[in-house]
Amino acid sequence: MIFLTTLPLFWIMIAASRGGHWGAWMPSSISAFEGTCVSIPCRFDFPDELRPAIVHGVWYFNSPYPKNYPPVVFKSRTQVVHESFQGRSRLLGDLGLRNCTLLLSNLSPELGGKYYFRGDLGGYNQYTFSEHSVLDIINTPNIVVPPEVVAGTEVEVSCMVPDNCPELRPELSWLGHDGLGEPTVLGRLREDEGTWVQVSLLHFVPTREANGHRLGCQASFPNTTLQFEGYASLDVKYAPWKPTVNGTVVAVEGETVSILCSTQSNPDPILTIFKEKQILATVIYESELQLELPAVTPEDDGEYWCVAENQYGQRATAFNLSVEFAPVILLESHCAAARDTVQCLCVVKSNPEPSVAFELPSRNVTVNETEREFVYSERSGLLLTSILTLRGQAQAPPRVICTSRNLYGTKSLELPFQGAHRLMWAKIGPVGAVVAFAILIAIVCYITQTRRKRVRGAWDWRGGFWAFVGSAQSWT
């Protein structure tokens with residue numbers, strides 16, 4: 001951050017150093033645009049006991065030692081300078097007032113480097129100060145973008161250019177800022193070491209679409225053809241977009257399925273595809289994720305999720321994979337008899353939805369959806385439950401075959417019977433049942449013709465048979 005100061009730092013330093021020592025101050029670095037000028041502020045001091053009648057000075061380029069014969073930038077005694085600085089250098093300060101400020105004009109890249117000042121008070125009272133200023137010749141404005149720019153959060157971007165040429169003042173304008181916001185010009189600000197900058201600020205709330213946007217700043221100098229431009233690309237961080245899913249969503253059992261999940265985010269997200277909380281595929285810092293399912297089965301049918309996540313948010317998309325296959329009749333399919341009614345249940349797993357019919361081979365009858373005895377229950381997922389109700393079945397329950405078909409195949413199953421009714425008929429058959437009934441009547445008649453007895457006791461299950469436990473008495 002640049003602060004506007006009312007008292008240059010070097011004035012404080014000089015005021016504190018006027019105790020009579022050799023010393024100098026100048027900014028450690030200073031910059032200016034090519035083709036303009038630069039004023040290097042400079043102050044120096046010497047011991048109080050020296051009372052020179054006149055004070056001279058010399059500016060050297062890139063070396064403080066005269067024995068090295070460095071290029072002379074400015075020399076107050078002879079005005080003889082190196083050819084690179086002829087007509088370009090001028091002393092703005094008054095050496096008698098210990099001000100050694102130097103002005104360089106018509107700057108070109110070869111003038112960039114270190115500048116040293118040497119005080120000349122006459123005789124042996126000459127001193128080259130180790131303090132020096134590094135001049136940087138630039139040709140682009142400096143655009144300062146915060147280290148993190150997040151979509152939806154206001155940001156401040158600044159354009160800074162040096163303003164150290166008293167003869168030419170820069171004017172700033174923004175390029176490519178349409179739709180981002182209106183700029184605010186702060187004006188001329190002094191830096192900590194006494195140099196000057198022009199600053200313009202741009203405030204805006206970036207969107208994810210602004211990522212990669214090229215923002216520019218232009219510095220121009222009135223009444224000249226000098227123009228300098230600098231650009232910065234916005235790196236806008238944002239959460240992932242809602243993932244998109246491309247690929248097969250309907251497949252036949254046994255086929256290979258390929259699904260591509262993609263999104264956009266900055267930075268790239270972690271992409272994950274899972275089904276029923278089980279991770280099937282994942283990639284880190286990629287914008288696409290490919291899921292391969294070889295030889296799909298009905299178990300692969302269902303809902304899947306693609307989740308994209310980075311440090312700025314998470315988005316997810318659900319998609320369904322439909323696996324089509326021939327009907328499968330489940331083992332819970334059966335028939336049950338109760339009194340004179342038989343109910344048959346046929347549970348079929350299939351995709352697409354199949355047709356279901358009940359066959360009664362002994363009667364040469366097929367019952368389908370159009371018959372009133374046929375009842376459908378509601379389809380649940382891949383399961384279809386069909387119910388057949390037969391009334392007035394006093395005779396032996398008939399054989400029942402459930403047949404289901406769709407475009408991929410046909411499946412049939414003879415439904416097993418469950419319950420005591422079926423067990424009885426299976427063990428003794430219809431003839432045995434008649435014989436057993438006759439025997440039961442004969443026993444009853446026999447008992448009525450014998451002596452009447454008072455019976456006391458109870459029936460008890462013993463050894464797999466019901467047995468009477470108790471005592472008998474004659475009726476009186």
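Each residue, glycine too, has its Cβ placed from N, Cα and C.
Per TrEMBL, domain 'Ig-like' is recorded for 141-227, 243-322. Annotation comment: TrEMBL describes 1-19 as signal peptide. The transmembrane segment annotation in TrEMBL covers 424-447.
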The domain 'Ig-like' (243-322): DSSP-derived helix, strand, coil residue counts: 3 helix, 52 strand, 25 coil
Whole-number mean of pLDDT values that fall within the domain 'Ig-like' (141-227): 92
DSSP helix/strand/coil residue counts for the domain 'Ig-like' (141-227): 3 helix, 43 strand, 41 coil
